[in-house]
Structure formats: structure tokens, C-alpha cells
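The following features are taken from TrEMBL:
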type: COMPBIAS; residues: 42-67; note: compositional bias 'Basic and acidic residues'
type: DOMAIN; residues: 146-317; note: domain 'Amino acid permease/ SLC12A'
type: DOMAIN; residues: 416-715; note: domain 'Amino acid permease/ SLC12A'
type: DOMAIN; residues: 729-846; note: domain 'SLC12A transporter C-terminal'
type: DOMAIN; residues: 860-937; note: domain 'SLC12A transporter C-terminal'
type: REGION; residues: 42-79; note: region 'Disordered'
type: TRANSMEM; residues: 146-170; note: transmembrane segment
type: TRANSMEM; residues: 176-198; note: transmembrane segment
type: TRANSMEM; residues: 219-240; note: transmembrane segment
type: TRANSMEM; residues: 275-292; note: transmembrane segment
type: TRANSMEM; residues: 299-318; note: transmembrane segment
type: TRANSMEM; residues: 436-456; note: transmembrane segment
type: TRANSMEM; residues: 476-502; note: transmembrane segment
type: TRANSMEM; residues: 522-540; note: transmembrane segment
type: TRANSMEM; residues: 576-594; note: transmembrane segment
type: TRANSMEM; residues: 600-621; note: transmembrane segment
type: TRANSMEM; residues: 633-650; note: transmembrane segment
Amino acid sequence: MRGRREQKTLHWMHRKPRTVVPVKDQAQSSYDSLEGINCVDYRDTGQDNSDHQDTVSIDDHGNHTEDSPFLSGADPGGKKNEFYDRNLALFEEEMDIRPKVSSLLSRLVTYTNITQGVKEHEEEESAQASCKKAPKSPNMGTLMGVYLPCLQNIFGVILFLRLTWIVGMAGIMQSLLIVLMCCSCTMLTAISMSAIATNGVVPAGGSYFMISRSLGPEFGGAVGLCFYLGTTFASAMYILGAIEIFLKYLVPQAAIFHATDPHGTDSAMLNNMRVYGSICLSLMAVVVFVGVKYVNKLASLFLTCVIISIVSIYAGAFKSLTHPPEFPICMLGNRTLVRDRFDVCSKTVVTGNLTVPSQLWERFCVPGNMSVCDEYFLQNNLSEIQGIPGLGSGAIRENLWGNYLQKGEILEKPSLQSVNGHGATENFGMYVSADIATSFTVLVGIFFPSATGIMAGSNRSGDLRDAQKAIPVGTILAITTTSLVYLSSVVLFGSCIEGVVLRDKFGDAVSKTLVVGTLSWPSPWVIVIGSFFSTVGAGLQSLTGAPRLLQAIAKDNIIPFLRVFGHGKTNGEPTWALLLTGLIAELGILIASLDMVAPILSMFFLMCYLFVNLACAVQTLLRTPNWRPRFRYYHWALSFLGMSMCLALMFISSWYYAIVAMGIAGMIYKYIEYQGAEKEWGDGIRGLSLSGARYALLRLEVGPPHTKNWRPQLLVLLKLDEDLHVKYPRLLTFVSQLKAGKGLTIVGSVVQGNFLESYGEMQAAEQAIKNMMEIERVKGFCQVVVASKVREGVIHLIQSCGLGGMKHNTVVMGWPYGWRQSEDPRAWKTFISTVRCTTAAHLALMVPKNVSLYPSNHERFTEGNIDVWWIVHDGGMLMLLPFLLKQHKVWRKCRMRIFTVAQMDDNSIQMKRDLATFLYQLRIEAEVEVVEMHDSDISAYCYERTLMMEQRSQMLRQMRLSSAERQREAQLVKDRHSLVRMGSLYSDEEEDVVELPSEKVQMTWTREKVEAEKRNKCSVPENFRELMSLRPSVASSYLLPVKRDQQGSSSAQTHIALCFYFLLLSRDQSNVRRMHTAVKLNEVIVNRSHDARLVLLNMPGPPRNTDGDENCILSQHNQKMQGLLSVF
């Protein structure tokens, strides 16, 4: 398995190398970067990297040499070869540019989320980073970090000021439907949000970052601004609610404007709301500007007020079952009178022995002529009814169905008798009337803001201990809690409170008392004061969050004219964004009506929730490899249902507001598209465009795909036989089992010859490949080229296959066979050439071995393991491939095991813990095991295998052995702990085998002895023993058996041994180190993975020095994979 950079180690889903692992004194990248765990260039971090990097120098010939090779004693200078661990000598060149697995894992588990902004602004903030204190580690759990903040944001002004009125207008049944619709919409949105939030490390940017990084900068910018406007208008709504409580119920005397006639009451109230609302907004903005920390500290106090107020409602409701509170209502006929306009509910009063007209008579009659009175007043009687009849009064039957009113319509009780009469117009001020026209759709738009606030947990994700667990659990529990409170409140309000009181929005019938306060226990003031502080706190929270959201959008630099709002104070506070937020909130204050502002922010929040559901649905349907949410209880159908409900609620609430909101979002989208959104955030729309046609290809031409959009785009190199049939069809079977990668597949092959003469053969070969692709169910494209040499044709395929963004990033080819016995160098040079070409092209390389043993698509593994040997960091390719294979029915029931190698200086326990955390962040389920490889001396077996590997062909040619003898010679080298019986390879006569016992020898070789052995080529077999146990200075190993013919001659064997010895003196130790690593790794891998269904391991690249004997590479790789069936 090969990646793409330097040694083709592949970034998991990203072809652009960049540093994403957070390190000391370096700015953090956004959350989606964790998906593609790229290599860290420790040389750029400014930190001590002695544990992660070995220096590479250039020798006199321009080749790379190691300053710290794995073995000592072979360096002429005597100062090298001191630091490399000899267990990983096979990967020593990868270690120059790749981090060790232990160091990579230790940094991954310390990954922390950014709080604001994105990677583009890290350089600007780096100058200030050194002056800042190290941030505290996140330690908030589900309760304090998500559940309670969501409760505080969801419970708000609508519950205390409008829910009773909604129940009175719509009735219990339709009110329950309104609550169910709104809460179901937010619940479905929370499910989609949980899926997005648990798909990787969650950023501290809330819904804006989730939408923008899932749907792209155009949608992200449009919906982000809509969400910002919704949050800004929410602050205006909370301020208006607080001022309404203040002027209506706390200090009515503070009103500046007073109505001169009954018809001017609304206008005076609106002017008061504007004045006091502007003052309150200014004070809140100053508080936010001066000290945000005080706002956060007061959040718990405001939440306490909310909880106490809700508890008092339930207490009063159940207390009314036996002792209902006294709130009499005066009725004239069936009409409700404003209680604060008179003293007693009677037409006359008795003073002493005299009966005199009451204040009501004076109100309804002409002053100075008490006999001329209002017709309706004269024809109907006055009566008092109980405003809070109690839970067991049967009021639920009257309040079961709705009673919608038009603006100015008087509140009437249908069960009371009355004589019809219009009455004088000037007396309408004595009756409680509707201030606005109501309908089901209007009430939906007013109530929906009480269901918002579900994003509070995601906004605090940077402070959460485990955001992937806390956000789904806390948010869903908070929505469930608030939904139950709303549903139960609807039933309790309809069961305990008289219908005309419910429809009385401002409590005029109960002496200007807050309607929900009339039900509370022990006093209405508990609700009044609690609701006032809760709305003030909610307004402060909105006024705090909105500027930071605008600052995040501005720092993303997707809307150029907002760039100025990305700056702030030295501590990062968004000063300019706060100023703009205050100005926009002032527009909401000038509207001055809570009922008019609520539908506006409903539109913006519904727009935001709509795109959260859309993002989840798109990602789910695309099934991109990076889409692996830890939250499992989601489905694309639920996301589409939530999206449909959001769209329906938008048009139900106010169709013209919905059109305006969508128009604003559309204009922002087109503006960002026109400006050229150059951000690449790995969004689902970009993933969708990968399968598009010309327009999508042109867009993908702008740059390489993001890490989250990366998927294996395969170029499969097939070998054809003499009849132009596919020689190894199981290679296509393997490719078809990777179809979960949802990437491009190009199957290529080379026909050797001249193009003009071989065009027919090319077409025949292409048709044969297409037929095989159809049989193996491989969806892709076929391309066959004609070239004079196979190597040249392969190079052409690697360079030219694909179109635009649909180009391959991974090359798949089979392991070469028969290269040991072949004297033709083309048997292995084509393979080596392909390896070097993929390295130069920065592509990944997958090389299955024993591909003919791979399972067909009809087989099913009911058990077994897929073992991953993660030796060096390859960008995540080794983790991705088994995940993709397990999506196929052949491998679905196999377990995934991941092994990594610990060195002498590594903490294997910590490595295992870090690796488990790393897999948890990647949402991959696998068993983790750390294998310790201790230092050991290089055995004579490794030297023997290395020397035979390097010069076998040359010696066999010198000895003029036949092909059959060369094949038998290949069996000479066996395991170093075995005694081998060897038959004669050099004589046709029958031979006797002399078995020599294993024994240890220690011998130091001097130049004089070497010269003597060189002259004496017919020495006794002991010379062979000494040479086979050779070391650079002192050797200690087990001996292999030696054979003699009947004449006792061993000259051929001795000649081989002498050749080995002189080659050892002339060769450097690089190949020896590599063979040592291959032998040791093979022992460990076979021991652990001998029964695995599939083994995946890193394939080290060829040496940088191209002058060496390149068939050594095949020997080393073959040794590493010896004894395993299915490997790549």
C-alpha cells in the first residue's frame, strides 16, 4: 500500500498536503480537517522535533543519505547510524518526511477546536497567539454544557406572554397541533444536527459552521446571514417582551405616552415600546461591549428564574383543583369588560339608603343625562364569573375548540345569554377586544420562536468534554423536556382558566394582571418577575451570540463587504459586528410589536433549520466515505420530512415573509457565487458535483477536492494474455468490492506494438475488458493504449487518464510473479517503473498479492478478521480501505483489527490509548493492538538473504546453471532456526548428505584472512560456516547445513560463500537493514495475522538512489509478505 507524497502515502480524502494536526504555537484548523489526517510537517511548527524527524542530507552524487541510519558500524565517518530504530529500517526514508505513529497519535488526541474564524485568518492571529494564555481544556458535560443552555434558550417570552392567548384563540386541540408541529420540526432538525455534529470533531461555530461546511460557502453564507438576522431579531423580540412586562405589569405608571381616547391605546403603547426598547437595547449593548463574562455568569441566574416560574405554574394549576385563586371577571351580557375602568361590577350601588348609579352607568350613559345610555348596556345584565375556575371545573370542554377573532372584535363568552345590540362606538373602550386578527397560521408564526434555541449546545461545542456525545443527548433531551412542558401547559391552561381570560392577551379582564400569573402559586408576582428576568437574560444571550456569528462569517471572507466586521478589540470581541447588530435590532424595536417581530425571526430560523436538514439528507444520500456520524438514529427520510415541515411552516406562518426570506437568501447565494466562492470546505454540494457533467467538472477544475470529498478514484492496470483476455479477473473483483468509495474507476491496459498496426487488437482488448467489467459488476470506464513498450504505455495511462476533476488518484496493479526465475529484467523493471511513476505523480498505489485467491462477489465471510498493520502514517488510506470493504456483503461480517508497531522509546500503553481515541474520532470500530519490536542483532540469515537477493542472478549466470537448477537453488535459504537437507544442485550423480549440527561460532575477519580465502577456493566446509556467520566485525548466529558430493568436493558452495563475502564488504548496509526489517516484520505479522482473511500493510517506496539494484526491493517486499495469503 503506497501513499502519494514522496512515497505515495495518501492523504485519506485530500490530495493537497497541509498541516492539520494541532501542535504547539500553531493555530488550529477547522473541524472538518480532522477527517483527512494528513502528515505534519514538524519542520514548520517551530517546536522541538527531535522525536519525529531524522535529517536527510545529500551526498556527493546528489543522492539522499541518512544522517541517522538504523545500523551502526557501517558508516565510514563513524558518526552516523546511531538513531534509527533498526526494526523499521525498511521505512527509514518515509521517516524523514512522515511522523512516527506514536507522536502522531499523541497530537491527535490533544486536538482542540477553534473558537472563531477559520484557517485563512490563523496567520493574522499568530502574532497575538504567543501573548495569550493557554486555553483551558474543555470540561463541560451534557447537563451543564448542552441541556441547561438549550432549556434557557428554548423557554422564553412566548411561554409567559402568549401561550395562554394562543390556547384561548386556537383551543386545546389546535394548540396541541401547533405545539406538535413546531416541536416535531425542531426535533427532526435536532436529529439531523446531531448526525452532522457527530461526523467528526465539532467546531465551536454552531449551526453556521455545520451548514457552511456541509453545503458549501454559497449556501453557508446565505443561511449563515439568515441565521444571524434571526438571532438579531430574536434579541429585539426578547427586549420587546421585557418592555411589555415592564410597562404592562410591573410599572404601568412609567409610560411616557398616554392615549387621549380609547382608540389610541395601541398607538401610545407602541410609542412607549419604541422609547423604552431603544433605551434597553443601548444598555444591553453596553453591557455586552464592556463585559461578556458577566453575561455568562448571570446565565445561571436567568435560568433559575425560568425554572422557578415554570414550577410555580404547575403548582398553581394543581392547587386550583381544590383552592382556585379569586379573579372575578365582570361580564355585560356575554361581553368581557376591562376591569380597571370601574370599581364594582354593578349598574347601581347602594350608599346609605340611596341607590345611585355606579361608575359603569356613568361610563355607558351620557354625562348630565343619565337616562340616555348605551342600548346594549340597558338591554343586558351585568354578571361576574370566576376567571380561574380550577382544574376540576370542566372548563376544558369550553376551551377544547378554537375561537378566532378579527381585529377590534369584542371577547364574548358563548355560554352566556345576551340581547343583540351593537352599542355606541365610543363605548368600545370598555370592552376587552382583539388587537390583531388571528388565525391558525398567524398563531403558528407567533409560537414557533418558543421552539427555537436548539443550537445552544452546538454553539458551546468548544467547551464540551465530549461534544459528539453531549450534543445529541443534551439537545434531544432538552427538546423532549420543553415539548412536554408546552403540551402539558396547553392542557393545564385550557383546563384551569376561563376562555375569555385566555383570549385576553394583556389581562385587561383581570385588572391588568399577567394571565399566566393568575394561575401561578404562591403569587402572580413570581411569574411577572421571573419572566422579566428570563426575557432580559435571553435578550443578552442573543445580543452576545449574534455579533460573534457575524464575525465568523466575516472572517470566512466569503462576503467581501462584511470583511470589516471580522475585526474587533484586542481580546477578539467583535466591536464592529456588535454595532451592526445593534442597528439591525433597533429596526425590530421600531416595529414595537412582539406579534409582528416573532414571524420575522420564525422565517429566518426556519430557513436555517431547513438547510440543516438538507445538509444531512444530501450527505446521507451521497454516502461519501467521510460520512460516518457517531449518532446512528438518523435517516435521510427524516431529514427530508424535517425539511418539508420547515418549508411548510414558513408558508403557513406568512407566505409573503417566506418569499422575502427566500429571496434574501437567494440573492446572497448568487452574490457569493458571483464573487467567486474560493473556499473549499468539503461540503455535500461539492461531493454531489463530482458526479455532474460539464458544469460540475469546470467547477472542480478550480482546485483539488477537499479532504471530506476525497474518495478513491481508481486506475486499474490489467495484464492481458496472448488472446487479449484478462489474465487476473479477480483484480476487478477486488475493485468492485470497493464500490462504497463512490469514486471513479478507470480500467486500463497496454497493447504492445504499433498503433497503426495494432488498432484492431486495441479494440478487441477494450471489448474484452468491458465484458469482464460487466461480469464483475464494475461501474467505470475502460481505456487501452498501444505502445512500443509496456512501461511507456503504463506511464501514458498514469499521466493522461481522467478528465478535469474526475482524474484518478490511486493506481491498482497486481504483484509481479516469476521475477526470481526470469533472466529478463523486464520481469521486474515494469513494476518498479510503475512504482516510481506513481510516486512522481503523487498518487496512491495499491498492490494486491495472490489476487487469484481473493473471494468472489458471491462468497460470504461469516467470520474472520481484516488486519491493518499501520507501520508509518499514510494519511489514513489503511484505515479507509477496510471500512470501504466492510460495506460490501462479502466482508461485512469481518472484524477490523489495527496493529501498530512500538519502538524501544515508545510508551506502548499510551500509544494504544491514543490509537483508540484516534479511531473514536474517526468513527471507525476496530480492535486496537500495539506490537512491541525490541532491538535485536541482525542475524546471519538476514545477511544471507540480502546477499543472495543482490547477486543471485549474477552468480547463477557465472556458474552456468540450468533453469531447473536455478529453480532448485531458490529453495536453499530456509528459516534460520531450521536444519535444512539440501540435494545436489550441481551433479547428476547420486549424492550423500552430510548433516552438520547447529553450533555457534564467533570469528573476526581480517584482510589477510580474506586474501587467503580468496586464493584458496577449494577450502574445507568450515570456511563456508565462517562466511555464512559473517558480521562486519563480530558474528554470532546459527549455521546452515552444508553438502558434499561423493568426492568430498565443496568448491561450488565455497565459491558461492566467497562471492557472498566479497559482496558484503563492497556493499553498504542499507539493504541489510531493510532485509532485517522485512524478516522481523514478517515474523510478527505471520504470528498475529496468519488466520486473517485479509492483511493490509504499508509498502515502502524504492530508495531515492536509483543507481542501486532495484530487484532488491521485490525481495524485501516479498520477504515481508511471506507466509500470508491475501495481502495488499
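From the backbone N, Cα and C atoms, a Cβ is placed for every residue, glycine too.
Because the structure is a prediction, the values reported are computed rather than measured.
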**OP:** Could you name the stretch, out of 416-715, 729-846, 860-937, with the greatest number of CB pairs under 8 A to the domain 'Amino acid permease/ SLC12A' (146-317)?
**Re:** 416-715
**OP:** Count the residues of the domain 'SLC12A transporter C-terminal' (729-846) that DSSP assigns to helix (H, G, I), to strand (E, B) and to coil, and report the three numbers in that order.
**Re:** 57 helix, 23 strand, 38 coil
**OP:** May I have the DSSP-based helix, strand and coil counts for the residues of the domain 'SLC12A transporter C-terminal' (860-937)?
**Re:** 24 helix, 21 strand, 33 coil
Original post:
Short question: which residues 6 or more past the ends of the transmembrane segment (600-621) have a Cβ under 8 Å from it?
Top reply: 185-186, 188-189, 191-193, 195-196, 199, 207, 210-211, 214-215, 219, 223, 226-227, 229-230, 233-234, 237, 445, 448-449, 452, 588, 627, 634-636, 639-640, 642-643, 646-647, 649-650, 653-654, 657-658, 660-662, 665, 683-685, 687-688
**OP:** For the transmembrane segment (576-594), find every same-chain residue at least 6 residues outside the stretch whose CB is under 8 Å from a CB in it, and list them.
**Re:** 157, 161-162, 229, 232-233, 235-237, 239-241, 244, 270-271, 273-274, 277-278, 281-282, 285, 288-289, 543, 546-548, 550-551, 554, 564-568, 600
Subject >> Long-range environment of the transmembrane segment (436-456) - Cβ separation under 8 angstroms, sequence gap at least 6 >> reply: 146, 149-150, 152-159, 162-163, 166, 169-170, 174-175, 178-179, 181-183, 185-186, 189-190, 193, 206-207, 230, 234, 237, 402, 404-407, 475, 478-479, 482, 486, 595, 598-599, 601-602, 605-606, 649, 652-654, 657
Original post:
What mean pLDDT score does the domain 'SLC12A transporter C-terminal' (729-846) have in the model?
Top reply: 85
